[in-house]
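The block underneath contains the structure these notes are about, expressed in structure tokens.
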Amino acid sequence: MKSDSIAVDVPAESSSVIKGKAPLLGLARDHTGSGGYKRGLSIFDFLLRLAAIVAALAAAATMGTSDETLPFFTQFLQFEASYDDLPTFQFFVVAIAIVAGYLVLSLPFSVVTIVRPLAVAPRLLLLVLDTAALALDTAAASAAAAIVYLAHNGNTNTNWLPICQQFGDFCQKTSGAVVSAFASVTFLAILVVISGVSLKRP
């Protein structure tokens, strides 16, 4: 009877140990894989923020320096085109500068997500603020794009004449600024997607 009790107790103890250890090993393996995956996304996030900063600063600087004066003038008139002649372009410069400033300030939080890829709070904060920056950036770029279109093509229904034949440099700079702004919009949209994917549970 003693040998029978020993034969029955030993397998029971070994099976309980196996059942207790197996899930822990599986969880540890999944945890490590998820951390490496999210760290890779965080590094990509940081690089995209640098690209978005460059695009936003280029857009704001180009629009802010768009100024052209025609070489001919009359006794009472001087023909000049500048971004501050149009409130839409003024809004563009201010809004894109705000977006660029936010992106610079967001870099430390992006670094935190690289060091601690499983941290939820900084990633959630970046998701909310990136969405707000994306909305502001899109509004500024879209409004400026409408004015640039009118500058190139005019509007015959309202007798608005195109001015780009006379102010070629001005139109070239404003068009380049709008293109750079939409590039930053694209980068921000990708950042929002990355933040959403990073918050997804493994």
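Quick reminder: no glycine exception, Cβ is built from N, Cα and C everywhere.
Positions annotated as topological domain 'Cytoplasmic' by Swiss-Prot, on the basis of sequence analysis: 1-40, 112-130, 198-202. The transmembrane segment annotation in Swiss-Prot covers 41-61, 91-111, 131-151, 177-197 and is backed by sequence analysis. Under the heading topological domain 'Extracellular', Swiss-Prot lists 62-90, 152-176, citing sequence analysis as support.
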Same chain only, please: residues at least 6 beyond the ends of the topological domain 'Cytoplasmic' (112-130) with a C-beta under 8 Å from a C-beta of the stretch. Say none if there are none. 34-36, 38-39, 41-43, 45-46, 102, 106, 188, 191-192, 195-196, 198-199
Average the pLDDT scores across the topological domain 'Cytoplasmic' (1-40) and report the rounded value. 51
